[in-house]
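Per TrEMBL, the feature domain 'RCK N-terminal' maps to 406-521. The annotation region 'Disordered' is assigned in TrEMBL to 580-604. Among the features that TrEMBL reports, transmembrane segment is placed at 13-28, 35-53, 59-78, 90-111, 117-138, 158-177, 189-207, 219-237, 273-294, 300-322, 334-357, 363-382.
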């Protein structure tokens, strides 16, 4: 008989999944968002409510990998050139936001509390940081990351993630307890530059060759392993030096943003990111001490609303100063008005350094958590006010994705057939995303200036990463007589997409059209007709006769194909075939075949 099994981890996993399965749909139904559902669910099962989970801090430490993966995915959206273009927002607007919000909040704390100036500065700077996890998740849900407003918000968050290192150094310098073994500011700066440089070099010379090698195996599981290795390896390097894990993951994502493997990596990371990020928000909810909230609810609510009001005012003014319209600036202010998860780290360090009492740390932890919970309702209120308020002519970047965003057309398969189709689309200046599963083809395409991404286009998650939610067309140029059922999941996930397909032959065409395909084209049809025209011309046939034979053949073949698709019988319409010795004459066409179906009905 087997020995006793420790079911603690299994029990907690069941609790998390059960609460998420109930709370998230409930809050989503109320249009309050999934994040608020996770937070509320965490509060419910935390030690200060039902007490189903005893150690939320342990869960929070593990769930932070959700934030890490979120920043990795954001990095995949921003290639180095695009990141460089945002340098003014990152280092200019971002720095001013942290400093100005920190100073104003510190001044407010000196007015309403008995803090020393050292404690007020540390807590003020801690509260100046916003929640990257919450904000980026909201932007992703609203599909606004690739808008100018979204990029400005992301830029500020990136600077905040960088600022956590000097902020901890400031906390240590002002602390009443000095650690003789603490690393100096200059040493920390040097380590930061070395770590970032190492990640850049690793991304350029290690990650791309690694994914190329993995892609050659054709095994998806190994690709998942490679994606996790990239995220966790970069995070480990930064964490081992006392730096931000999320920043390491972000840099790794940026290094892969221009690679052919971007969409496949993003699709493979997505399930882990979603689960861990949900767990992170639940853990934040669990850390909220409801006894503190219930003992002084009005004070905590006052501080939370005051925090959001101050940050809203400062951030909106700074965003306006940096060129945003008032409407966009106010939206940026709402997005960044809450406290963030890094405040928990700084408050803990300030407590250890005897700058603030544990009771004050608990109070401001509750204030930060409540402000995070109020962010979604605040955004809903902003949108409601904007609907009824005066319309502003300058709404640049609020809704329309930038040209560098997801393409209008996705072409799956970039072989000889797909290359011709794509060149015709490029001739019209259309934005095309190219996907292929052959590493050698991807490498060869680079020599001609083509940007082809690695990924299985029959997977909805890969297509979603490639921008299928905003695309208009999916063109499948993959060779071979693949089964139409492979597109079922794609059609279900993206019902708005028109799907145009390369058919291998007549039998494949019949199977495709029996499924849910908008249009199919047989790969050899028109090239064979053209060769037939050339042969007739070489044999001295008049050009008008060639044209008539061409038109008559297409008419007969279209009729035959329509009959075959309708009946599912490849022998249907066989009487329409030109037979040996027939000697068809253009001036006496066979009219027994009836009307020719329109091209969209049969798709030559």
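Backbone N, Cα and C define each Cβ position, glycine as well.
TrEMBL entries are annotated by machine, without manual review.
The stretches the transmembrane segment (35-53) and the transmembrane segment (363-382) are in mutual contact, each linked to the other by at least three Cβ pairs under 8 Å (pairs 6 or more apart in sequence). Highlighted: of the candidate stretches 13-28, 90-111, 117-138, 219-237, 117-138 has the greatest count of Cβ pairs under 8 Å to the transmembrane segment (334-357). Within its own chain, the transmembrane segment (117-138) has Cβ neighbours under 8 Å at 33-35, 66-67, 70-71, 74, 97-99, 101-110, 145, 153-154, 156-157, 160-161, 163-164, 167, 170-171, 174, 246, 277, 280-281, 307, 311, 335-343, 346-347, 350, 355-356, 360, 364, 367-368, 372, 375-376, 379, counting only residues six or more beyond its boundaries. Outside the transmembrane segment (13-28) by six or more residues, the chain places 34, 36-38, 40-42, 44-45, 52-53, 278-279, 282 with a CB less than 8 A from a CB of the stretch.
Cβ atoms under 8 Å from those of the transmembrane segment (363-382) belong to residues 31-33, 35-36, 39-40, 123, 126-127, 131, 134-135, 138, 284-285, 287-289, 292-293, 296, 299-301, 303-305, 307-308, 330-331, 334-335, 337-340, 343-344, 347 of the same chain, restricted to positions at least 6 beyond its ends. Ranking 189-207, 219-237, 300-322 by CB pairs under 8 A with the transmembrane segment (90-111) puts 300-322 at the top. DSSP places the residues of the domain 'RCK N-terminal' (406-521) in helix, strand and coil in these numbers: 45 helix, 25 strand, 46 coil. For the transmembrane segment (273-294), the most Cβ-contacting stretch among 59-78, 189-207, 300-322 is 59-78 (pairs under 8 Å). Mean pLDDT for the domain 'RCK N-terminal' (406-521) in the predicted structure: 83.
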